[in-house]
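Following: one structure in structure tokens, then a few remarks.
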Amino acid sequence: MSETSSHDSFYDSLSDVQEEGKSADFFPGLSAFLSQEEINKSLDLARRAIDSSETEDFDSEKEISQIFSKSPISLCETPSHEEPKSGKQTSSERPQDSRRAPVQPLTGDQAERITSPGSKRKPGVSPLLASPSYIRSLRKAEKRGAKNPNPSSKPKTAQQSKAGPQSQLCDKAASFIEELTSIFREAAKPRNRSPNGESSSPDSGYLSPKNQPSALMSASASQSPTADQLDQLEMDAEVKQAQGSLCYQAHQASEETLPLAHIPHPQPQKARHLPTAPRFIQKLRSQEVAEGSRVYLECRVTGNPTPRVRWFCEGKELYNSPDVQIHCESGELHTLVIAEAFEDDTGRYTCLATNPSGSDSTSAEVFIEGASSTDSDSESLSFISKAGAMPQAQKKTTSVSLTIGSSAPKTGVTTAVIQPLSVPVQQAHSATSYLCRPDGTTMGCLLPVFTKELQNTAASEGQVVVLECRVRGAPPLQVQWFRQGSEIQDSPDFRILQKKPRSTAEPEEICTLVIAESFPEDAGIFTCSATNDYGSVTSTAQLVITSANNENCSYDSTGEPNSDHFQHFPPPPPILETGSYELASQKPSEIQQVNSPNLGFSMAALQMQFNTAERETNGVHPSHGVNGLINGKAYGNKSPPTPTALLSPTKEPPPLLAKPKLDPLKLQQLQNQVRLEQEACAWPPAPPGVPCNSSSSGSSAPPSPPFPPPPPAFPELAACASPVPSEPMSALASRATAMQSSGSFNYARPKQFIAAQNLGPASGLPTPTSSPSSSSLPSPLSPTPRPFGRAPGPPFVEPEAMWGPSSPSPPPPPPPVFSPSAAYPVPDVFPLPPPPPPLPSSTSHCASPARFGPSQTPAAFLSALLPSQPPPVAVNALGLPKGVTPAGFPKKSSRTARIASDEEIQGTKDAVIQDLERKLRFKEDLLNNGQPRLTYEERMARRLLGADSANVFNIQEPEETAANQDAGAPRASVGGPLDGQKEYKVSSCEQRLISEIEYRLERSPVDESGDEVQDPDVPVENATAPFFEMKLKHYKIFEGMPVTFTCRVAGNPKPKIYWFKDGKQISPKSDHYTIQRDLDGTCSLHTTASTLDDDGNYTIMAANPQGRVSCTGRLMVQAVNQRGRSPRSPSGHPHARRPRSRSRDSGDENEPIQERFFRPHFLQAPGDLTVQEGKLCRMDCKVSGLPTPDLSWQLDGKPIRPDSAHKMLVRENGVHSLIIEPVTSRDAGIYTCIATNRAGQNSFNLELVVAAKEAHKAPVFMEKLQNTGVADGYPVRLECRVSGVPPPQIFWKKENESLTHSTERVSMHQDNHGYICLLIQGATKEDAGWYTVSAKNEAGIVSCTARLDVYTQWHQQPQTTKPKKVRPSASRYAALSDQGLDIKAAFQPEASPSHLTLNSGLVESEDL
């Protein structure tokens, strides 16, 4: 039941009466244990039951309305189309009401409220916040009415005369309410209970009993006008007309009875001097910021007297300090600023406001993302908006409150919540919300719930595949993975990762399955099962693997495993499937119905009472998802109304008829039919904003209300935003685009393990790997549980198959995707005319949207339109580097990249050229990445634009704040579209290095010489330490290209700026670098031609007396002529990449965390070597780089091949060796070692000199010793000459004694010419004997022996006796052998003394 009527003729709910005459104490009674949705249903059931007896009790209507009416002004008039009896009845009652009005005693405030036109149409927070007193008042309505002091006797008599029927009527209503109350009481008892008795979390979606009384009216004022539309979604016009008068009376009754009991209590809209409890009109917003960034929390609170405001972090009170600054402005705006946030600051921040009348609080999660954090960058986008930009969105309202079961303000879930107002609610209701209280204590919160389901994924063979889901539930959670029903065990091929919750306030686990290298046999249905003590849930997704030789990847066109999820369940849908994907297509009041009793576990008996008309017009069919849709098909012939009230609080859509059901078989037939129609269409481009009706149902949508269509750059998005056959869905998507800049769109995903999903966070389109059934993309573009599919045939495989040169105009390719705030400015930025009425749905080709079939989301269409490798072609889920834009997914660019809007040049040749140019830009990387041929479109564009015209857009990081972009702030990624400057994410290792550099720099002295002249130090008011409004990015460029680092710094006084490269300060007078600083604080460092030496970390440090702050950007300079690269690279072009390896590719830079490229760097390298021929030569080197470099060796420019003499080894410690054994003269020369990886190459040279092997010669006696005789006392010389190479060593021996050293009498001599001499001064008889000389070198040894005889001068030798000359035996020279002399060799015949061999009298003897 709606909170307000969609017709100004009668009250549709008690909320209208509550606004008019109910006092504050009335609210808490029933709302303490009933949610708003449950109360809605309660009232609706009661009305339906009462309606059944309306005919018999019709006569009592007049009586009751007379009794309970309060003010003619406060009552709605009967609509012109109401049934005559109702019209007559109410018209006849008005005069009586007017006469009775003054008689009823009312306080001035009540009268003011009742008659105030401003309060008349304010939607109530709850349609039926009934208390037991209200139930009693219904039962006692007759008595109370009779006792009311009323001077008019006529109405009194009439009332008494019809007391019987009226009593029956009241009893019925009271009975129904009591029955429903008892049902809901147990299911919702602790609802809105938190440790402090409140539930004012910004995204809880509920008002706590403590807050409700004072918050009601303001919340009503800010409530989305879509509450008015809920009536059309729940009831058709006939039901309302029949019930109008009855509701009128019931509301009068409530107004009559309740204020009597509660008049003394203060009213929400009383004059300011009356005390009011605190109420937060602007709540805190959860944030996720990078470490070191500034955290800014703000909220607004009202109350009388002015509330006392206190701040808490994780329950610990915070006080004003230099680190945490707490401010209060104008008594309402309270801010908490953390100048520099660290990981320790992560937690739940609560602002508590108290005064004597009560208290209120608001909480938000602040997550400080550390250097190695793996959470999403873009997650914080939804929280960034300027304070006060949309004050209405900050107020309490349940009309668009969607939570996933917990009061945690930020779950980190990747549920894209497109909200009509930028309410600070970043979560989406799952169907389990009815089980779950904000304090997370009930069974619904204990049960596991997937906050992000698995997404259908397609990948190429060899790519990394990552399947990720997020689950919350009471620990311990056991997560299991299955493929085709078989459990998957953790292994190197299938890594199962599970990230535990980062806080108890946010008990969400990230479960990831990583397939390191995918093969076609890995495809199939993957299931993740989460189990705890309270139950288990599963999430399923399909993985499609295409062969490596396929250029294009077709998604599963049926996706039955996912569509079956909804079709095989009984009416209460499973909690895991009624996910947040339902919500975006619903209006807020519809959203409330997601959690309404027809989904409740305790409402099985009552479910059948909600007829098809009501359930389906609510847009929620238990088995068919939201808006009666499956795969984009609508049930019925009536399109849902456009959310006009999103912008205009007074606009109300026409009633919505019930939608008939469609079975899956019929759906499939319709899908095939639409596909066939699409194949036959040429798809002429339509003006932007023309909604598309791709349904075959033959129905036309109602005219669109006047609110701005999406920006002109998104013709496809404007027209194709909804695969639903309804213009209003397109309008809702348009509305969502217009509202995103205020943070209402939250598509958060983890940094790691998301492959090629960049478009999702930027434009709200589901990504090719997403499955709507996973509830991770609850947007109008993915409202159904089936994955978008491709047609079985060729329709979405190659554009050539869809349109050719004969087509009137090629379909506009996807426009550049901007970050949310830039792409979807607030409505006043683009004051466009309202879109024209939708085309007849039967045409099925009004504008480009109809190009994708009913089972396709626009993202599928976009990915199909671009001929490419499989959409996740740049899959790099592990956060490892990527250098190619994901197929079909343009990189984000700034708005300035668009020269003329599509609207301005639609249908012209310029439009075609511009669109083709865009596509070429997005396809450039793919073309250079091994794609063998150009598509027709690209060939055409190159004819029109020239071959070198397509360039890659720079990447705008998601961290860029909406405020900066909307204000036209300088872009963080500098350089125009012609730059090849690409951003990328640094690894955690690099980040630690960067942090270390910054830490040291901020604590080290700097060179002030080249700094700009600063004003002398003067006292400064509001002095603030420097901080970066825009930080440096990390870039990857090619050698020779220009690069610019840009950031923006602020501080008071104006900070000084210093630049460093790898920790060394860069002089402002440097010739290589140009340093600039603008007046707005933008600082830049530019080099026109980068070299390999420019590779490194660039740090900017800003300093003023308040402190220092630094920021670092990594520059990777890649060599141009590395292996596999084309040496030619057109000017301004990103250089072609060499083909990637099978299992890893170097994908797009805007991935959450990419593979990092580090050029090889030699940590160890040998110098020049000289090696003797025949010896072993070993060259050792050590190299670093990422990926691990490949090493190759060259000799004089020629590759060295491994063979028996040349071996290449790698040791465990990473040392590479080239071993040559033995070395020959051919091995001499210049050796080059080349290390190569994807990031570039490096090399070193050395010279090897091979020393020739010497011609070794054994010693040879050229002159031998001679036998000598000498007279006693005379000197004697024993001489010989020996030669050998190398020169031999000489050893002397006398008999068996070695002569080791010279004495005064006996000395040994040797010269350089080989002459050897033994000189004996004054020979004696003892000197006589055999003397041996030996010569030895490496080649051998030789010896020579001679006899010395000493005789007296007077002794005459007898002539008769022949002297005996004895040759000693070899044994006499055993001592020589001991010295290593080869005695046998020494006594070869040629070595023997000639005089011995010639002497015939020579005899062998052992004795002398």
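The backbone N, Cα and C atoms fix where each Cβ goes, glycine too.
Only one of C436, C528, C553 is recorded by Swiss-Prot as the disulfide partner of C469: C528. Residues S361, S373, S893, S1009 are shown; Swiss-Prot lists phosphoserine for one of them, S1009. Per Swiss-Prot, the listed range annotated as region 'Interaction with LASP1' is 653-683 (candidates: 436-466, 653-683, 1366-1396).
Per Swiss-Prot, the residue from C247, C299, C313 that shares a disulphide bond with C351 is C299. The feature region 'Interaction with VASP', as given by Swiss-Prot for the ranges 40-44, 325-329, 830-834, sits at 830-834. According to Swiss-Prot, of the residues S116, S639, S782, S807, S639 is the one noted as phosphoserine. Between C469 (disulfide bond) and C351 (disulfide bond), the C-alpha separation comes to 32 Å. Counting in whole angstrom, C528 (disulfide bond) lies 38 from C351 (disulfide bond) by their C-alpha atoms.
A 10 Å cutoff on Cβ-Cβ distances gives C1233 (disulfide bond) a total of 22 other Cβ atoms nearby, all chains included. Rounded to a whole number, the distance between the Cα atoms of C1181 (disulfide bond) and C351 (disulfide bond) is 61 Å. Confidence over the domain 'Ig-like C2-type 5' (1259-1349), given as mean pLDDT on the 0 to 100 scale, stands at 93. Take the disulfide-bonded residues C469, C528, C1181: by the count of other Cβ atoms within 10 Å of each Cβ, the lowest one is C1181. It is 61 Å from the Cα atom of C299 (disulfide bond) to that of C1181 (disulfide bond).
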